[in-house]
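Trainee: For reference, the structure I am asking about is given below.
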Amino acid sequence: MKQAGFPLGILLLFWVSYVTDFSLVLLIKGGALSGTDTYQSLVNKTFGFPGYLLLSVLQFLYPFIAMISYNIIAGDTLSKVFQRIPGVDPENVFIGRHFIIGLSTVTFTLPLSLYRNIAKLGKVSLISTGLTTLILGIVMARAISLGPHIPKTEDAWVFAKPNAIQAVGVMSFAFICHHNSFLVYSSLEEPTVAKWSRLIHMSIVISVFICIFFATCGYLTFTGFTQGDLFENYCRNDDLVTFGRFCYGVTVILTYPMECFVTREVIANVFFGGNLSSVFHIVVTVMVITVATLVSLLIDCLGIVLELNGVLCATPLIFIIPSACYLKLSEEPRTHSDKIMSCVMLPIGAVVMVFGFVMAITNTQDCTHGQEMFYCFPDNFSLTNTSESHVQQTTQLSTLNISIFQ
């Protein structure tokens with residue numbers, strides 16, 4: 001919303017969600033037409049080995065970079081949660097982001113990622129969905145109680161802003177699940193295109209409204225102060241938001257294994273013929289997670305990670321490759337709706353990818369990692385804590401980092 005402009009941002013959210021819905025169904029249709037059951041094999045059969053290699057790189061990089069971003073979010077978010085524990089020194093190394101990233105990796109994400117069957121993560125996904133609902137409620141509550149006290153930036157309500165293409169990249173990052181779509185499709189009891197279509201339609205509708213609520217409430221609260229991780233904008237001494245941070249940190253930790261499954265599958269398909277022995281399954285999983293963890297320890301600015309992953313990886317996986325595969329495989333007439341939409345998506349995806357990358361490099365976001373905003377200081381504003389303790393709290397203006405959305 002900060003990059004695109006609030007009205008245009010809402011319209012782009014609906015548009016990206018529609019394109020995502022269409023391309024997810026198109027992808028499975030392409031698999032049915034080609035008789036393939038993985039994204040890589042579909043592209044291999046359609047465009048040969050060069051296409052297979054390109055897709056493999058993209059399909060590995062997107063979830064791998066997502067794993068890095070989830071580690072960054074977990075470290076930043078949970079460190080602030082533990083700092084709120086009475087008697088805990090904020091400078092204690094054991095509540096620092098580096099220690100938390102390492103601990104969460106060893107304790108949760110690595111064991112969950114060692115599963116072989118993605119269907120076993122179903123209960124984990126259900127927990128994540130429940131926590132997301134709680135987080136949304138907290139963001140909405142703070143939009144009502146905190147938003148009116150924060151000054152709005154001068155250009156807060158303009159229809160469109162120059163960085164709208166970058167916003168499309170971030171939105172693509174949020175909606176994409178193409179890299180694991182065949183994994184989910186094959187886990188259905190009766191995998192058919194019709195059943196997949198119904199599942200996707202329902203999932204996308206729910207997702208887009210959750211995203212709109214998050215984006216709207218977050219932007220209405222902080223307007224132009226918004227950053228890449230929404231919780232960076234809230235004050236550290238807000239107990240309700242602290243609970244939200246905890247839920248958010250748990251959610252991204254539980255989402256992490258889904259991405260690891262995809263990176264491991266790509267490696268298995270490219271280097272091991274699609275099958276990993278028990279030993280190599282463990283070795284590959286540990287290696288991927290170790291590298292992702294080390295990189296996340298060196299990076300603490302989320303915004304640029306989301307943008308680059310969105311425009312370089314998510315955009316071709318959503319817009320370009322499914323459309324290109326379907327156009328080459330389908331024997332439907334040129335006037336068929338699927339072919340018309342594919343012809344529209346393909347060039348738009350190319351434009352978003354090229355210009356989004358250029359703009360992400362030339363117009364980098366400010367990243368005020370770990371800094372409190374001016375409205376959180378006692379001299380600027382005080383807000384009565386609405387939690388059960390009714391303790392008087394003060395609030396400061398932190399630059400809004402919206403990892404849910406911009």
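From the backbone N, Cα and C atoms, a Cβ is placed for every residue, glycine too.
Sharing the feature lines straight out of Swiss-Prot:
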type	residues	note
CARBOHYD	Asn44	N-linked glycosylation site
CARBOHYD	Asn275	N-linked glycosylation site
TOPO_DOM	1-7	topological domain 'Cytoplasmic'
TRANSMEM	8-28	transmembrane segment
TRANSMEM	48-68	transmembrane segment
TRANSMEM	93-113	transmembrane segment
TRANSMEM	121-141	transmembrane segment
TRANSMEM	156-176	transmembrane segment
TRANSMEM	202-222	transmembrane segment
TRANSMEM	241-263	transmembrane segment
TRANSMEM	279-299	transmembrane segment
TRANSMEM	301-321	transmembrane segment
TRANSMEM	340-360	transmembrane segment
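How buried are the listed features, and what sits near them?
Mentor: All chains included, 20 other C-beta atoms sit within 10 angstroms of the C-beta of Asn44 (N-linked glycosylation site).
In this structure, Asn275 (N-linked glycosylation site) belongs to neither helix nor strand by DSSP; it is coil. Asn275 (N-linked glycosylation site): 9 other CB atoms within 10 A of its CB, across all protein chains.
Across the topological domain 'Cytoplasmic' (1-7), the DSSP tally of helix, strand and coil residues reads 2 helix, 0 strand, 5 coil.
Sequence-distant contacts of the transmembrane segment (8-28), counting only residues of its own chain at least 6 positions beyond either end whose CB sits under 8 Å from a CB of the stretch, comprise 1, 39, 42, 159-161, 164, 167-168, 171-172, 175-178, 181-182, 185, 193, 196-197, 200-201, 204, 207-208, 211-212, 215-216, 219, 318-319, 322-323, 325-326, 338, 341-342, 345, 405-406.
Long-range neighbours of the transmembrane segment (48-68) within the same chain, counting only residues 6 or more positions beyond its ends whose Cβ lies under 8 Å from a Cβ of the stretch, are 39-40, 173, 176, 179-180, 256, 258-260, 262-263, 266-267, 269-270, 288-289, 292, 295-296, 299, 305, 308-309, 312-314, 316-317, 321.
Within the same chain, residues 112, 115, 210, 213-214, 217-218, 221, 230, 240-241, 243-244, 247-248, 250-251, 254-255, 257-258, 261, 386 sit at least 6 positions outside the transmembrane segment (121-141) and bring their C-beta atoms closer than 8 Å to a C-beta of that stretch.
Tertiary neighbourhood of the transmembrane segment (156-176): same-chain residues 1-9, 12-13, 16-17, 20, 62, 66, 204, 207-208, 211, 223-224, 306-311, 314-315, 317-319, 351-352, 355-356, 359-360, 363, 404-406, selected by CB-CB distance under 8 Å and a gap of 6+ residues from either end.
Long-range neighbours of the transmembrane segment (202-222) within the same chain, counting only residues 6 or more positions beyond its ends whose Cβ lies under 8 Å from a Cβ of the stretch, are 1-2, 6, 9-10, 13-14, 17-18, 20-21, 24, 132, 136, 139-140, 142-143, 146-147, 150, 171, 174-175, 230, 233, 397, 400, 402, 404-406.
Proximity of distant same-chain residues to the transmembrane segment (241-263), defined by a Cβ-Cβ separation under 8 Å and at least 6 residues beyond the stretch ends, is recorded for 59-60, 62-64, 66-67, 70-71, 73-74, 77-78, 80-81, 84, 104, 108-109, 112-113, 115, 118, 121, 124-125, 127-128, 131-132, 134-135, 138-139, 142, 179-180, 183, 231, 234-235, 285, 288-289.
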Trainee: Could you tell me the mean pLDDT the prediction assigns to the topological domain 'Cytoplasmic' (1-7)?
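Mentor: Across the topological domain 'Cytoplasmic' (1-7), the average pLDDT comes out at 86.
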Trainee: In whole Å, note down how far the CA of Asn275 (N-linked glycosylation site) lies from the CA of Asn44 (N-linked glycosylation site).
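Mentor: With the alpha carbons as reference points, the distance is 18 Å.
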Trainee: For the topological domain 'Cytoplasmic' (1-7), could you work out the same-chain residues 6 or more beyond its ends whose Cβ comes under 8 Å from its Cβ atoms?
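Mentor: Residues packing against the topological domain 'Cytoplasmic' (1-7) from afar: 156-161, 163-164, 166-168, 170, 215-216, 218-219, 223-224, 226, 400, 402, 405-406.
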